[in-house]
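Student: TrEMBL feature annotations, pasted as is:
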type     : residues : note
TRANSMEM : 12-30    : transmembrane segment
TRANSMEM : 36-55    : transmembrane segment
MOD_RES  : SER189   : pyruvic acid (Ser)
ACT_SITE : SER189   : active site, schiff-base intermediate with substrate
Amino acid sequence: MRLHREGKTIMITTGLVLLALNLLAYFYLFSDNPTAITLLAVVSLVLFVLVVQFFRIPNRLLTTGDLQVIAPADGKVVVIEETTENEYFQDRRRQVSIFMSPLNVHVNRNPVSGIVRYFKYFPGKYLVAWHPKSSTENERTTVVVQMANGVEVLFRQIAGAVARRIIWYVKEGQPVKQGDEFGFIKFGSRVDVFLPLDAEINVQIGDVTKGGVTVLAKLKE
């Protein structure tokens with residue numbers, strides 16, 4: 001396991017603030033109360049561990065396949081439905097949505113390989129990530145990758161009520177590889193994937209996904 005570069009500043013800042021708070025408590029605030037000092041130290045350690053684990057990147061063997069669509073994130077499948085995608089395709093698509101809690105790994109990975117044909121960032125609201133309108137009203141990015149066979153897959157990072165910073169590493173015209181990082185969302189969020197109607201969905205509502213590992217769907221040749 002390693003730690004994501006996006007967490008460097010937050011982890012250092014959190015560590016220094018907690019250290020300063022504990023030193024202040026030890027020498028001034030609770031110098032005559034060892035129980036309070038111990039309790040504060042334990043709470044500080046737990047808080048720091050929670051912050052660090054949020055930015056973890058587990059070692060895992062990534063799944064690849066030319067016709068397979070791989071989960072872009074760790075989390076739970078909360079939506080599987082046929083819907084109209086109005087931003088890019090403007091037609092009917094199969095939507096699969098994954099909700100990421102603050103305890104999940106928050107690296108976002110390319111579900112397919114190909115060329116980025118479309119990218120756009122939208123500032124917006126911070127509705128809870130499972131709210132139906134979060135896909136169209138929250139802060140978000142939209143990425144469309146055209147695969148070698150011409151099929152296009154759209155995936156969208158959506159900020160939640162806690163996650164208020166979306167990070168992305170892709171741009172239009174860039175070749176991307178399945179399983180590589182395309183972004184990161186800090187502290188709880190959601191990713192939507194829009195597929196052709198004839199895609200064979202490989203997951204069910206409530207399934208737990210692993211980014212870069214779980215096969216969400218298989219595309220027709």
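The first residue you see is number 1, and the count goes up from there.
Cβ atoms are placed via backbone N, Cα and C, with glycine included.
Annotations in TrEMBL come from automatic prediction, not curation.
Situate these features within the shown structure.
Tutor: Panel annotation: around the transmembrane segment (12-30), residues 36-37, 40-41, 44, 47-48, 51 of the same chain, lying at least six beyond its termini, place a Cβ under 8 Å from a Cβ of the stretch.
All chains included, 32 other C-beta atoms sit within 10 angstroms of the C-beta of SER189 (pyruvic acid (Ser)).
In the three-state DSSP scheme, SER189 (pyruvic acid (Ser)) is classed as strand.
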